[in-house]
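Trainee: Relevant sequence annotations retrieved from Swiss-Prot are reproduced here:
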BINDING   127, 128  Mn(2+) 1 binding site
BINDING   127, 298, 337  Mn(2+) 2 binding site
DOMAIN    94-346  domain 'PPM-type phosphatase'
MOD_RES   248  phosphoserine
REGION    46-61  region 'Critical for association with the BCKDH complex'
TRANSIT   1-29  transit peptide
């Protein structure tokens, strides 16, 4: 009996070896035919997300993770080869977005996302004030400005910094040539994220729109609000000749007018230190741990804290549902402002679904007014 079992085991092993040799041969042939722009479908055996190393063995929780609400995406071959691990392609079709007017007369929020090159994706939110002109200008021109800078500059933080400054300068020229004097007091926040090779995430921001990454179910803040409450920003405003005054709700404003210290536009406050130079953050994604990126405007941020945003999104089946859930939750919490969310799914989408949601009882129910 023992010898018979041993012979059966040996024969089984030989069959497995033959299968692996055949698979290796197929992989080698595919590798020779591969071009840098070629993306591999998950249905092909050479780079399945459930067989990342082509061994014929399914991935375990430790390798990548298998969960109920996962989004099956193709694998980006060149980055996967470069980094030595499977990098899922982020499909723009799966990006979720929603924008609600709230109790305002007009929705001054704008958002956008696009594939700029084979390697770089673009995501952005803009929250206008003093009319939608500045937000519209950014929405119309920022994408092209970034695209034009990419061939000349490899560092994405530098690309975004230059783009913000160029757009601000272009808007200034546009406003001064216009007969509409209201453009001189129109401004906008800007939070822009670039994703290169599905791994390198860079975020630039001015104002109080935010970006956060959900890693292992917890929020990782990628932006910091530019408000007069920040000591460094307040000192910078004073050094430039501006001042900070508080309104009846105890909210600080630059020159008694603007609730932020950095923005695109607001041309009448440039001499008082309101600048368009963004603060930037660079981070490397780990798709086994990172569920999504979410960009939000202050109609959400002043009502829903970062952990709540993570929890609400993690409860949803897909990013489109998640974006609507977050914006609608802000409305239910009593926000009066426009509310916009852009949700970008990553490799761990659905992995950290939590049956419990942590609520904050210290939320502010004051209007997030930009004007004193």
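Note that the numbers count up from 1, one per residue, in the order the chain is shown.
Every residue gets a Cβ built from N, Cα and C, even glycine.
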Trainee: Using a 10 Å cut-off, grab the number of neighbouring Cβ atoms around the Cβ of residue 298 (Mn(2+) 2 binding site), all chains included.
Mentor: 26
Trainee: What residue among the binding-site residues 127, 337 has the most other CB atoms lying within 10 A of its CB?
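Mentor: Result for the most crowded candidate: 127.
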Trainee: List, in sequence order, the same-chain residues at least six positions removed whose CB sits under 8 Å from that of residue 128 (Mn(2+) 1 binding site)?
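Mentor: Long-range Cβ contacts: 108, 109, 110, 134, 135, 136, 186, 187, 188.
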Trainee: Provide the three-state secondary structure of residue 337 (Mn(2+) 2 binding site) computed with DSSP.
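Mentor: Note: residue 337 (Mn(2+) 2 binding site) is coil by DSSP, not helix or strand.
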Trainee: Cα-Cα separation of residue 248 (phosphoserine) and residue 298 (Mn(2+) 2 binding site), in Å?
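Mentor: Distance (Cα to Cα, whole Å): 20 Å.
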Trainee: Give the mean pLDDT for the region 'Critical for association with the BCKDH complex' (46-61) on the 0 to 100 scale.
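Mentor: 43, rounded to a whole number.
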Trainee: Give the distance between the Cα atoms of residue 337 (Mn(2+) 2 binding site) and residue 127 (Mn(2+) 1 binding site), rounded to the nearest whole Å.
Mentor: 10
Trainee: If you count Cβ atoms within 10 Å of the Cβ of the residue listed as 'phosphoserine', leaving out that atom itself, what do you get?
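Mentor: I count 6 other Cβ atoms within 10 Å of it.
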